[in-house]
Amino acid sequence: MVSPWIILFVIWLSVGVKSLEIASINHPCAYAHTVNITDGLRLKDGSYTYAGVVVPPHLMAEYSFKVIDGVEYRAKKHLRGCVCLLKPCISFCCPENLVFDAKHWNCTKPHQVRESTHVELTYANRSVEQVRIRDRFVVRTELGCRNKFVDKKHENFWQWDLFENGTLQRDDRLWSTDEYCFSPLEHKPEQWELTPLNCERFQTGYRVWIYAICSIIAIIINIFILSLLGSVRDARKSHYGQLIIYYLLSMIVGYSLLVYLALKNPMKLSHVACRNIGFLAYFCIMLSFVFLAICSLDFLLKFKQKSVKNSVRQLCIALAVLAVIGLRFLVSFAQDSKLPKHFKPGMGEDYCWFDVRTWGILIYYYGPIALLLIFSIVCCLKAYFSIYELPPDTQYILGTQLKIVKTHFYAFSAYIVGVFAIWIREIVVYIMARVREHFFIIDFWSGICILGLAIAGFILLLGKNLHVKSWWAINVEASQTDLSIINARVYKFDEKGDLKSSDSPYKPTVTSL
């Protein structure tokens with residue numbers, strides 16, 4: 001049987017090879033500095049002339065991809081030249097005689113032709129001059145981004161500075177030539193101005209709201225589970241209860257941050273805040289899966305009858321937290337490194353969370369989660385078979401304790417299977433979208449799955465917790481005053497005297513391994 005670890009390694013290796021292939025292709029300059037010169041005039045010496053610029057052969061190459069929003073997509077092979085290295089370029093959102101329609105988000109023909117021949121240019125000494133666009137720049141319409149940021153109501157939207165090299169300054173930030181595009185917009189009634197539209201990576205619509213609403217409901221359910229587990233002393237003091245509380249707490253914080261990022265336009269966050277929130281959410285979510293793995297291992301050690309001191313348990317948890325912290329900084333290092341874009345997580349660039357258009361999310365997010373879940377599943381399977389290897393006298397002596405642990409283990413194992421199924425679905429959907437180059441930054445089905453997982457947690461982690469059931473029966477169902485009857489119903493013992501018989505190994509107290 002092929003080990004799942006080997007399968008994951010092969011997938012990771014294939015992703016890395018593909019990324020290296022993309023990065024290893026030799027091009028004379030960055031894609032953002034090129035223009036499609038297929039329709040240009042070819043000269044006798046092999047050079048091309050485009051928009052009055054002569055492009056020598058060593059600054060030309062065939063490209064089999066296009067770049068939109070900073071991400072490569074497959075495209076028919078075409079000839080591109082490094083025109084922008086020879087003369088500064090600027091981008092227009094729409095072809096000539098068309099304007100960008102902010103209501104329908106497309107290029108339309110205006111009722112009256114709006115010729116845009118001049119633009120204000122800011123020099124290094126901060127002086128401003130009205131210049132003819134085609135005298136100073138090469139105009140192109142193929143670059144830019146799919147989503148443009150339009151906010152005509154605020155006056156700072158109309159305040160910007162275009163520099164000689166084609167870069168744009170707005171809101172105390174420099175935008176490169178492939179991060180904005182110009183289009184005439186109506187500033188005041190019948191008053192049109194040539195205005196740059198910055199690239200917007202913020203997604204809106206029904207997908208976002210379904211995801212956010214489902215996630216918020218799930219967070220509320222998890223908070224209820226956490227508060228009830230924390231208020232019951234026996235549940236709070238048990239090793240199983242402690243790890244589930246740690247897991248829920250990490251997950252609640254992580255998903256709360258993701259919902260905030262889903263509803264918050266990253267352009268309204270500073271770069272530092274955007275990046276730090278994303279990394280904090282990453283840390284919390286990865287930590288939650290680590291606690292699940294530790295809980296699975298803890299069950300295995302219990303059924304293997306290997307005692308572990310509390311000091312050793314706390315040390316292992318501390319080391320696990322440190323390992324997640326180290327992983328967080330490793331991902332941060334990868335983001336700041338000179339790795340190809342497909343190897344980077346993308347946090348703090350176009351998005352505050354992972355950029356799903358690259359392979360980085362598979363390497364740094366889905367990969368570790370899959371490994372931790374496989375580890376948890378393997379531990380649970382081994383623990384399950386270890387139950388049947390327990391000697392009969394051991395099962396008789398442990399009595400109530402063993403029944404409590406087994407009940408919690410079966411519920412936890414069912415929950416782990418659900419978590420594993422949901423995240424395998426996430427990984428498969430991502431890979432299919434990545435291969436098809438059809439991306440949804442936010443998949444509303446993810447929110448529905450998160451809600452379903454919270455409901456499963458309510459049933460399995462809370463409803464099947466015998467400490468909570470016993471507490472509920474004693475403190476809420478006050479009509480049941482006989483402790484033996486209560487425990488008999490909670491633990492499903494024979495009510496005739498299992499708990500009261502002098503020769504019975506069961507004790508009328510709730511304890512746990």
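Each residue's number is its place along the chain shown, starting with 1.
The backbone N, Cα and C atoms fix where each Cβ goes, glycine too.
According to TrEMBL, the feature signal peptide maps to 1-19. Residues or ranges marked as domain 'Methuselah N-terminal' in TrEMBL: 29-199. TrEMBL lists 208-232, 244-263, 279-303, 315-334, 363-388, 409-433, 439-462 with the feature transmembrane segment.
Counting Cβ pairs closer than 8 Å to the transmembrane segment (208-232), the top stretch among 244-263, 315-334, 363-388, 439-462 is 439-462.
Sequence-distant residue pairs (6 or more apart) of the transmembrane segment (244-263) and the transmembrane segment (439-462) include at least 3 whose Cβ atoms are under 8 Å, placing the two stretches in contact.
Two recorded stretches are said to be in contact when at least 3 C-beta pairs lie under 8 angstroms, sequence spacing 6 or more; the transmembrane segment (363-388) and the transmembrane segment (279-303) meet this definition.
As a quick check, the transmembrane segment (315-334) and the transmembrane segment (279-303) clear the bar of 3 or more Cβ pairs under 8 A, pairs 6 or more apart, so the two touch. Across all of the domain 'Methuselah N-terminal' (29-199), the predicted model scores a mean pLDDT of 82.
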